[in-house]
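Enquirer: Before anything else, here's the structure in question.
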Amino acid sequence: MESVIVAIDGPSGTGKSSTSKAVAAKLGLSYLDTGAQYRAITWWMITNGVDVDDADVVASAAGKPTIVSGTDPSHPTITVDGVDASGPIRTQEVTSKVSAVSAVPEVRTRITELQRSIAASAEHGIVVEGRDIGTTVLPDADLKIFLTASPEARAARRSGELKGADVHATREALIKRDAADSSRKTSPLAKADDAVEVDTTQLTLQQVIECVVTLVEEKRAAA
Ligand code: DC
């Protein structure tokens, strides 16, 4: 079977992670969560006392941590300097600071290089999820998907994941983070011109997974 590279971008709460993992598992592909990498470098900055609002300090520290991602879709892992970071990267503190850290060009260069080398070494192909995969990281991906959903649907999904967090507060936080991710100068959240847009507002997770699996199979058949 031909190796295939699939880029899945979109804002948070669109079902990106669940869809990407399930599609990769179903098709025997590797899986990379690039948001986890930006969260990991943010966590390292926080725990090492770096002022994340000082872009110059963040830039000069960007090369320091060693970030390793495990790409098995049924058990994705992430370590920072050999320490399991999968729990700490999901805290509210990291979530509130990750947009500032990921807007720093030196951070993006570092993490983008890492992403490209992981994608290049995936034997059977890979599903890479993020914000700038189709536009910047892997512009030659075989298939590019851009997932969207209404802010209400995204907030409701995120509140569910956060076990009953206030939907209104979650919606406001999501909108703020999307605005920061979409308006930054270096590789903002954006749909690539050749990406297929899938609005997931009215779809179940299973329907989104089936839709993307079909798109990958069609691509493979046409290759
Ligand atoms: O997907 P996520 O919510 O875990 O991503 C966390 C943050 O990382 C997101 O707010 C913006 C940043 N990010 C990015 O800048 N580029 C990517 N390819 C993936 C995530």
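Note that Cβ sites are derived from N, Cα and C of the backbone, with glycine treated the same way.
Pasting the relevant annotations from TrEMBL:
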BINDING   Gly10, Pro11, Ser12, Gly13, Thr14, Gly15, Lys16, Ser17, Ser18  ATP binding site
DOMAIN    6-217  domain 'Cytidylate kinase'
Enquirer: Within 8 Å of the Cβ centroid of the ATP site residues Gly10, Pro11, Ser12, Gly13, Thr14, Gly15, Lys16, Ser17, Ser18, which other residues of the same chain have their Cβ?
Expert: Thr19, Leu147, Ala149, Arg154, Arg157, Thr200
Enquirer: Can you list which of these binding-site residues (Gly10, Thr14, Ser18) have a Cβ closer than 6 Å to ligand 1?
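Expert: List returned for ligand 1: none.
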Enquirer: Just name the winner among Thr14, Ser18 (the binding-site residues) by count of other CB atoms within 10 A of its CB.
Expert: Thr14
Enquirer: Including all protein chains shown, what's the count of other C-beta atoms within 10 A of the C-beta of Ser12 (ATP binding site)?
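Expert: Other Cβ atoms found within 10 Å: 23.
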Enquirer: What three-state class does DSSP give Lys16 (ATP binding site)?
Expert: helix
Enquirer: Show which residues of the chain containing Gly10 (ATP binding site), separated from it by at least 6 in sequence, have their CB under 8 Å from its CB.
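Expert: Gly10 (ATP binding site) has long-range Cβ partners Lys16, Arg131, Ile145, Phe146, Leu147, Thr148, Leu189.
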Enquirer: Can you count the other CB atoms that lie within 10 A of the CB of Lys16 (ATP binding site)?
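Expert: The Cβ of Lys16 (ATP binding site) has 24 Cβ neighbours within 10 Å.
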Enquirer: Under DSSP, is Gly10 (ATP binding site) helix, strand or coil?
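Expert: Going by the DSSP assignment, Gly10 (ATP binding site) belongs to neither helix nor strand, so it counts as coil.
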